[in-house]
Structure formats: structure tokens, C-alpha cells
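Participant: Would you mind keeping the following structure in view while I ask a few things?
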């Protein structure tokens, strides 16, 4: 650390000595630069020991000819200047001045001609002798004309004397220090002197805002008020450079005191020793206003008796209130914490002093009393009328504040007081500790403390000055320093100064510790840097360059751009240390390098800004997808909730629906609506858990899982990740279960610390929006399904498919086939025919294929008609030379790659030429054909009748198998991944009714177990229904029934065909055909209850496609029917059935019950006769 110390030489120069660790040299600057430096000390709010700048200088007359003082001739001077002010003494060098300054003295140096020496301070003053011998004459002179005397101009003297009185010599102790009360044993009595006057004329009063002045210690002061500047100029011109300084109670930048209550009543009288004259160099504020920078030397403590306001404020006189010195014994300032570290001697002395003072009271307003020469305290009242004309009377012409002040002295004390002695020793001990702790103060304090220790008896006689020095050294608050200035009781002053000094010592220790830690850290980094540079130099000399340095530099650059969490940063630093300590040939080198490459590409704490605009999100979803109301509403709800909460959180959504309905594409639209990055990966057929959670680093070619790869690719922590085909996961005994691995990632309570096997550090996935797709929920593991919010996506109805084709599929297909600007139209009838006869699936993927096929046929037709004449003749290209050139270029490139990373310029140039030759050779291979020009009047319309020419014959002719169905045939409804369709139930009598036949039911049609059980339940219910309603009809006693569901290649399962099976069996038993326009669905119970089914939307679409007019559905599905779009319900009459009786009433209207009861009577009569014959035999 560099400590700058400023001193003024006798020739008007300023010397700055820089004390550094390795060198020390002086710099000489001019006066203006010195004032600029002094001004900068104002920003530090004080000039004190230990600051960066400390100035000691001669009186103002040395630096400027303008400031030279002339001998006074005014006989009415009431306050004579100090002795030596006319003689312009010189200041010593820096080495000798520091110790003198901190003790509050100036060291006067002899002139160049050694002959002019100052008189010794121990000689008696002739003025004193004259005054003693002629007291009466002196009293007379007081009335007529004050006697001009010279006062020693040394800070150690009591710089305030009365009219016609001489001050003590420089070597005498200050008044109030205890020397006046004790004469010392055996010494001759001192000559009597007149006691100094205690009341002074009205002089300029200046407020101090940041830190009070202490007697004996220089201080810089900035004056901004122009009136105060002018007053100071005249004061300097008149040779009266003295002013009173008082500390403000509240901070203010004013230079005028408006009322005595604004300042503390105890301040100092100070002498102006340096005044700046260059306004430009003295400007310190942003307004560029001229200011004065004054260097003040405070002499003595004074009390403010009264204050005269500026003339602009009325010139009223306000009187200062006497401050009470609270806690004179220091109890309020000295806490139990402050007592830590005190010596036992001090604590014992302190307790004895407290006991001695117990029960006694003192007048708290002792500051208003003065001490006479005989040691008695008297109260002196200020009366301006008794004073003679003041040399400062000219100040009344300026708009400044003036004050009447009184000199105050320290309270008498016993020099054998143990508490004062112990406090003095404690302060000296703290000085020693400060010298050891603070390097800035070490040089100054070494000389000061050493001198104090050598002259300890003298210090004990001046404890007040020691307390002021300690307070000036400390960086306490202004009120704390003012408390030291106010304390006239030496014990209290020492106590308060000691507390401030101990706080300064604590701060010094803390600063030293911080500096030590910083230095150690810097040294460690510097050492590491030097070793690294040396290693680079050694490798360069040996010709070994493995590229490790560039790799390390690349990783460090990446890491600086990332906001890594603390734990990730620690792992990164450890792996970097490992990488630097490895050799490139090591097997672990590539593993660590790949790991660092991954960990520095993860977007730690980096997110994209979400979009909370509901109308804009709705427009994005509607522009890219038709329908899907439930999905769009859920996304808008998600955005609205996030807007209400103030931020988006991670969600796990599952879109379940048939293929081709847009589950994957809606995921992209959701990401676009939310302004998030999109990443998709399919887990269909995945049977390795490492695909989700990554591989261990020990395996060759190990990489992180797909979730970490998604973060790397999207470069954000809040993307939308689409996990496609999650219902097609599989498991393996050896490679784990990927479905179980997804449990951690898809659990909102756990994914904030997802642990990938490769990275092996927690990763926050809580901000990711997961969207999964599935065709069948039954194959998803239940724990995984429980973590997701399921949104069902139904298949499209014909009207929706028509709109999707016109708005999306047809324009997209025309653009892909080059017909974007050609007038080719596909009519709505053609698209409806495609949906009805070619593409019955719930999705539109197959419809898109057929539309693309149509436009491809159109393109072939157009190119064949208009494109043959425009095709340019193809040139025959010899491919072999091209391949040879390419091979040679590749060989050159391979050779250049085998060299070191740092190639020579010539090698790089060859490589570039080889690459250019290879590229130029490759460009000769392909040719670009000109586009076909189609006439503007060309037009083509594709109608339903033209479909055969483009997409061949339809695979489906009609959904209705029977226009007039026979008895036993009924139209049911089925739902499959392809959508809804009509499912006919056919029942026939197998083998007729005979005596040898028996009741039985057989079923075919690739039925599943659930549907087989449903047919058995329906058969049992049908028999019971016939017994209850048609007891005479004995059909089910002997009938062998065969039940079949057409389209045997398609597997069928589910309980929803129960009502249709019962109806088919009853239709056969009653020999009554069912209307072909009636379709039905519903599960039947054994007692005839019609139960709720699923897939009502698709089944309604199937009924509509089959031409049904009436649809019978369970009563519990009435709410689902109301939610269906009107385009689906149009043309269908719903019938809600609670029991099968409701179904029977609709499908068997107009049935003749008598005929139905006897429809099989003839057959059963024959059977009975045969059985009777067999019985009679």
C-alpha cells in the first residue's frame, strides 16, 4: 500500500513522499496542485493522521505574496495576532514534521543565515515584568489604548490571550492541563501573570457539517458562499485570519449560521493558514461555482455565547443553550463489550473512581464557568457593551454570521488520578497495536509513540491533548468527535477517545485480515498463472503441442458465459483440474473432455421469455389447427393461470386420440403460442432406460439421456418437450424399463433435481412443459399415467375433414407439387367422396396422401402437355475425371489434416486450393432444369366422378349392408382407432327347430373375450325377456343360434354391443325385421339395464355415415350427446334408454304380439307330437 504525505517547503513547493514496498522517492509539485490534493482530502471529510494526504505547512504568507501580513498600527486592536505571525518562519522537512504535527505543534526551522534564532521559551517575558511592576498603568492603558504585545505563534501555547497580556512561552504546558494547579515540589514559584481574558469580540462564525475540528490538528474547509469568501479576503488583508468553527447538529452545506440552535455551543477558534486564490483550480462541485479551500489550524476550545445573524436575516442576536455533558464518567459510552481487552489495572482504577464519585453531584453546566488565576471558578457573563471596538467590526458590512465567544479551559484534575493515568496507558497501548496492525499508520506512529513513551511524564501532564490526538486519529461519527470536544473533564474525554480508538483498532484488524486474504488469493492465482505460462514455454521449446491449452481456454470461455449454480461450478472446476493434469494419451482424457464439453453446453439458469397474450395464443392455435376445442381451451387455461401467478410452471399433459388427428402438430403450435423452444423425441419401441437417463461415463461412447440432449439443443431450461408414442414403451430385463425411468422426469415433485447418469449432477426440469401423445391409454403403466393430465382428442367428423382439406391440405399439397400458381381445384363433393369411400379414418393423414396423389397425377399431365419443348438438351458429362479430381483433392485434404493444429500459411493455402478444386469439380455433375411454364388460362377442376382416374376404385362402397334387413339383423355401432362405423349383428337359426335340436349359441367374427361375454349376457337376458313377455313363444327351447359380426379380419371387442345383440336375438325369435335406419349402442346388464359407453362422437359419425336416422344410446350418455357439435348431430334423432324396455318400444313398434307369440307354434306342435310318439313307444 502506498501512503502519500504532503509537506510544504520553505520555498513554496510541496513535497509528496510515496512510501512503497520496494522504493521511495519524492515528487515536487507546485502550490496549485497541492491545493487540488488538499481539496481531495475534503472528500474524505477530514485531514488526519493515517489519511492518504496529510499537510503540514508554514503560515499562509510563505506561499503567496498576496497573503503577507504587515505590522499593525491600529491602536484599537483588541485581539492581537500571535507572536511570530509577522516573521514568516519556514517549515522543516517531512521526516521531522510528522511527529510534531500529531502532537499538535509546528516545528519552526531556522533561517538560512543561522544567525536569526528564536528566543528560548523558558526566558521570562519582558512584557510580563513590565505588567507586573506597573499594574496601575496597565489598567489605565486598558481604558485608553491597548498595549501591543507579541504572542508566541505555536499550537502548543494557549493561543488566546487578553488585551495587553502575553501568552505563555512555547515550552510551557497549556492552561488547563494541570500545571497551573500544582507548582511542583521545591521549585521556585512562577512569576504572576494576568489570567487571559475569557470573552472575545464578535468574529466570523463558520458551521462545520461533517466532522468537528479538534485543537492542534489541521483541517481543510471548503467555502462556497460568495459573501463569506469576500469577508475572508478582507480578514486576510487586515491581518485578522481568525474565525470560530462550530459543528452543525444537522447536516447542511450552508456557510452561514442562521441561529445559534443550529450548532453545538462548544467549538474551536481557528487560524487560516492556507487560502486558495485560483477559483478554477478550487472548483469542487458539478455546478462549476468558485469555492475557497482553507487550511485551518484550531487553537483552543471556545463557547458560543451569542450569534448575530446575517443582515439579510434581520441581524437578530440568538443565544446558545448550554450543553450538558451527559455521562461525564463515560458510563453511557463504555459498554460491557467495550470493556473487553482492558487491563486489570484500568478496571480496578475505574471501579475505585466510581465509588469515590457515588453520591456526589456536579453542575452539568460547568462549561459556562471559568477558572481564575487563584483556582476559583466564577461565572462570567458576556456583555458586548463592555467591550471595546472590535477589529472584526467590518464584518457587519457582509452578509455573514458573527459570534461572541468565550475561552473555556479543561477542568482541574489531580495528576495522580489512577483512572486518568490508566486511561493514558491504555491509549498508548492501543497506539502500539495500531502501529502493528495498520501498515498505513506504522511509519507515522512509530516516531510518535516512541517519542511519547520516552516522554511519558510529560504526556501524563497533558492527557487532554493525548485524548484530542486519539480522537483526531479515529474515523468516528461527527457526534462522537463532538462529544470528545465537549468533554472538559479529562477522565471523560480520555474515556470517550479510548472507545473510539479501540473501534479504530478493531477496524484496522479487520482491514488487515481482508487485505491479507486478498493478497493470499492473488498470490495463489499469480503463482498458478506463472507456472502455467512456464509449462507452455517448456512445451513450446520441446515442440510438444497437444492442443490442451486451447481446449482449456475454450471450456473456460464457455463457463464464463454461463450462470452455473454453485454445485455445478464446483464440479466444473474439479474436472478442469483433472483435465489439466492428464496427458492427452490417457484413456481418461477423452472421457473428461467429453464430459466438460457436455456440461458447458447445458443452458444453466437460461430461459426464454414466455408469452402471456391470450388473443395472440388463440390466433396461433386457430391458424394452424381446425377444431380441437378441448385442447385449445386447456392451453388457454394454462396461459391464463400462469399470467395470474406471474410465471409459467412445468406441466405434464397427455394428448390421447386416434392416429392422424394432429397430436404431434398441436404440440408444435403450443410451443409457438407460448414462445418456447420445441423438441420432440419418440419412445415407441424403446426398451432401454439409458435413452431417458443416459449412460454411465465408464462406458465407451456414453452420452446423456434424451432429456439432457433436449436442453442442449434448445439452449433453454424451459422448452416444450414432446414425448411421442408413450403408450408403445417396452421393457427389457437387461436394459431396464424406460417407463419407470420417466417417472422421475414427469413427477412435478421430483423433476427439479433430475439426475442424469452421465452428468451425475442435479438438473432442474421443473420449468419444462412436457406434452406426451398416446393412442391407447390401456398400455401405459398406471404410475406413469397418474402423473399426467389426460386430454382426449376425438377423431374428425366429415365436415371437419372437409374444412381441414380446404384450408390446409389442398394448399400445402399444391405448394409441394409446384401447382401453387396453377388453377387446379378439387371440389367439395370430391373431398366428401374421398372421406366416404377412400378415407374413413378419424384422422386426416390418409386423406392428405390421397390429395397429394391427385395433384401428382395432375403434374404428370401438365408436364406431359407443356413441358417437353422447354427441356434443354442434356450434355454428356464424363464423370470419371471428376471423380479423379475429387479423389486427389481428398488425398491432399487428408494429408493436411494429419498435421498439427498450427499449420503453416503455405500448407493452409494448398488445402484451400484443393478444397476449391474439389468443390468446382462437384458443381459440374448436376444441372438445374428450367420450370414448366403453364398458360395463365389453364384450368382444371376435379369432381367426384373424376376420382377414379386419379385414385383408382374406392375400397369402401357403402356403410349400409342391408337396405331391407331380414329378421335377426340389426345395426350396431363400433369405435376403433380408425374412427366410428356401423357394426352389423347377424343372427340366424342354425339347423332349424326339431325334436333333435337343442338350445345353443355360437358366435363368430373375430370377437374378443369381453364381447363374447357380452353376447352370452345378451342371450340369457333375451331368453328371460321372452319368457316374461311372450311365454307362448318357445323359440329359445330348441333353437340353435349362430351370431356373426361381419368383417372378420378386424378384431372386435368391448361390451357396447349388448343392446344390439339382444335386439338381434329377439328379432329372430319374434321373426320381426328391424328398421334399417335405426342404429344403437349400449352395454346390457343381466337384468336389462342399459349402461354407459364411450366413443359416442365416433359412433355418431359412423351412424351418420351408414345413413341411420335414429340412434339409441344409454341415458347416462345424454350429457355427452349435448356436447357434440351440431354437424355431428344433424340428421340423427337420439333415443335415450335407461333399460332395454325403452329400446324394445322403439325398435318393435307395430309388432302384433299375438302373431309374435304363435310364430313358431307349428314347429313346436310337430316337435311335441314326435316326442309323444317316442314316449308312447
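Backbone N, Cα and C define each Cβ position, glycine as well.
What Swiss-Prot lists as region 'Disordered' is 72-197, 353-386, 883-932. If you look up Swiss-Prot, you'll see 103-150, 353-383, 883-916 marked as compositional bias 'Basic and acidic residues'. For 154-182, the entry in Swiss-Prot reads compositional bias 'Low complexity'. Per Swiss-Prot, the feature domain 'Lon N-terminal' maps to 203-505. Taken from Swiss-Prot, the feature ATP binding site covers 657, 658, 659, 660, 661, 662, 663, 664, and the record attributes it to sequence analysis. Taken from Swiss-Prot, the feature domain 'Lon proteolytic' covers 964-1150. Annotation source Swiss-Prot lists active site at 1056, 1099, citing sequence analysis.
In terms of burial and nearby residues, how do these features look in this structure?
Facilitator: Residue 661 (ATP binding site) counts 27 other C-beta atoms within 10 Å of its own C-beta, drawing on all protein chains shown.
Cβ environment of residue 1056 (active site): 972, 973, 974, 975, 1081, 1082, 1083, 1093, 1094, 1095 lie under 8 Å away, each six or more residues apart in the same chain.
Secondary structure at residue 1099 (active site), as computed by DSSP, is helix.
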Participant: Need one number: mean pLDDT over the domain 'Lon proteolytic' (964-1150).
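Facilitator: Overall, the domain 'Lon proteolytic' (964-1150) comes to a mean pLDDT of 90.
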Participant: Other residues with Cβ within 8 Å of the Cβ centroid of 657, 658, 659, 660, 661, 662, 663, 664 at the ATP site?
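Facilitator: Same chain, not in 657, 658, 659, 660, 661, 662, 663, 664, Cβ within 8 Å: 655, 773, 775, 793, 842, 843, 845.
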Participant: Between the Cα atoms of residue 662 (ATP binding site) and residue 1099 (active site), what distance do you get, rounded to the nearest Å?
Facilitator: 20
Participant: On a count of neighbouring CB atoms within 10 A, which of the binding-site residues 658, 659 is highest?
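Facilitator: In terms of Cβ crowding, the pick is 658.
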Participant: Sorry to bug you, but what's the C-alpha spacing from residue 1099 (active site) to residue 657 (ATP binding site), rounded to the closest Å?
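Facilitator: Approximately 15 Å lies between the Cα of residue 657 (ATP binding site) and that of residue 1099 (active site).
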Participant: Could you give the Cα-Cα distance between residue 660 (ATP binding site) and residue 1099 (active site), in whole Å?
Facilitator: 18
Participant: How many other Cβ atoms are found within 10 Å of the Cβ atom of residue 657 (ATP binding site), counting all protein chains shown?
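Facilitator: Its Cβ shell of radius 10 Å holds 22 other Cβ atoms.
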Participant: List the Cα distance (Å, whole number) between residue 658 (ATP binding site) and residue 1099 (active site).
Facilitator: 14
Participant: Take the C-alpha atoms of residue 663 (ATP binding site) and residue 1099 (active site) and report the distance between them in angstrom, rounded.
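Facilitator: Between the alpha carbons of residue 663 (ATP binding site) and residue 1099 (active site) there are 21 Å.
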